[in-house]
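These features come from TrEMBL:
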DOMAIN    22-270  domain 'NADP-dependent oxidoreductase'
ACT_SITE  Tyr54  active site, proton donor
SITE      Lys79  site 'Lowers pKa of active site Tyr'
BINDING   His112  substrate binding site
Amino acid sequence: MAFTSCTDTFTLRNAVGIPCIGYGTFETPADTARKAVREALEVGYRHIDTAAVYGNQQGVGEGIRDSAIPRASIFLTSKLWNTERGYDATMAAFDKTLNELGTDYLDLYLIHWPANRKQYGDRAEELNAETWRAFEELYSSGRVKAIGVSNFLPHHLQALESTATVKPMVDQIEVHPGWPQAEAVAYCQAHGIQVEAWGPFGHKDVLNDPTLVAIGKKHGKSSAQVCVRWALQHNVLPLPKSVHADRMKANMNVFDFELNDTEIAAIDALQGIGGSCANPDEVDF
Ligand SMILES: NC(=O)c1ccc[n+]([C@@H]2O[C@H](COP(=O)([O-])OP(=O)(O)OC[C@H]3O[C@@H](n4cnc5c(N)ncnc54)[C@H](OP(=O)(O)O)[C@@H]3O)[C@@H](O)[C@H]2O)c1
């Protein structure tokens with residue numbers, strides 16, 4: 001990893017560059033999102049992650065426009081919510097997302113969660129394929145620069161890839177110390193899929209872990225900065241969220257230190273220290 005700033009990019013399989021740290025907006029209320037996103041762009045983020053279900057796309061779009069940063073310099077991701085699966089519903093949901101964000105294209109659009117067998121039985125794979133057909137069309141039309149999935153495990157990816165014309169470029173999954181998802185990360189990395197880490201702080205649960213705090217102390221860094229750096233050193237793209245400008249800044253200030261192999265191994269070995277650790281095959285939303 002040779003990154004020196006959060007605007008340095010990973011390269012997706014279609015040659016699109018994606019800034020190596022994204023700014024998360026989950027649970028950022030609609031009325032806070034405008035200011036938070038403007039501040040995130042002002043402190044230097046150029047990659048914003050939202051989703052239809054967060055209910056804040058309008059504020060995210062306003063924050064982008066309030067900043068002095070041209071739209072073309074910002075990498076903007078949104079996600080299709082679970083109630084909108086299938087070809088027609090996906091097309092309509094995408095239009096609504098663009099409308100709420102006030103933009104005419106997305107940089108990345110993701111299926112937020114796979115349809116699973118628990119909810120959809122034998123129809124699950126077919127439904128994911130049908131949703132993906134709409135994603136492929138949106139991609140071919142140029143209205144979205146890259147397409148991908150979220151919370152897909154290797155078996156969901158294998159099923160999708162068996163019928164896809166365009167292979168997913170990204171899988172956004174929960175990854176943080178204590179929940180490294182090594183198998184899913186290895187699968188994606190072997191198949192040209194960029195992994196993004198949602199909940200890089202385990203939704204802040206992992207930040208008091210003594211191992212992370214001690215490793216941070218050795219480098220003059222916080223446990224949060226250790227989490228971000230650990231993801232990057234695994235070639236995983238972290239999406240830290242904070243509504244506080246000082247934390248936004250600190251969370252991207254990770255390019256002046258390096259975790260050594262012993263530290264990486266100690267963090268890799270952590271278990272059960274927080275986060276949701278949800279199994280996408282078991283969720284019922
Ligand atoms: N695809 C999916 O299914 C999915 C699911 C969840 C999240 N996501 C994406 O991933 C992003 C990140 O995940 P997340 O928001 O769940 O959790 P996270 O980034 O792991 O943690 C955010 C929490 O940590 C706190 N925090 C941030 N920086 C801190 C620091 N330096 N020191 C102490 N506390 C700090 C934040 O509080 P303050 O805001 O008060 O600072 C917030 O409570 C989301 O925002 C969203 O964009 C995707």
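Glycine is no exception: its Cβ is also placed from the backbone N, Cα and C atoms.
Curation does not apply to TrEMBL; its annotations are automatic.
Mean pLDDT for the domain 'NADP-dependent oxidoreductase' (22-270) in the predicted structure: 98. Summary: among the recorded positions (Tyr54, Lys79), the fewest other C-beta atoms within 10 A of the C-beta are counted at Tyr54. Recorded residues His112 (substrate binding site) and Lys79 (site 'Lowers pKa of active site Tyr') have their alpha carbons 5 Å apart, per Cα-Cα distance.
The residue listed as 'active site, proton donor' sits 10 Å from Lys79 (site 'Lowers pKa of active site Tyr'), taking the C-alpha atoms as the reference points. In this structure, the residue listed as 'substrate binding site' belongs to neither helix nor strand by DSSP; it is coil.
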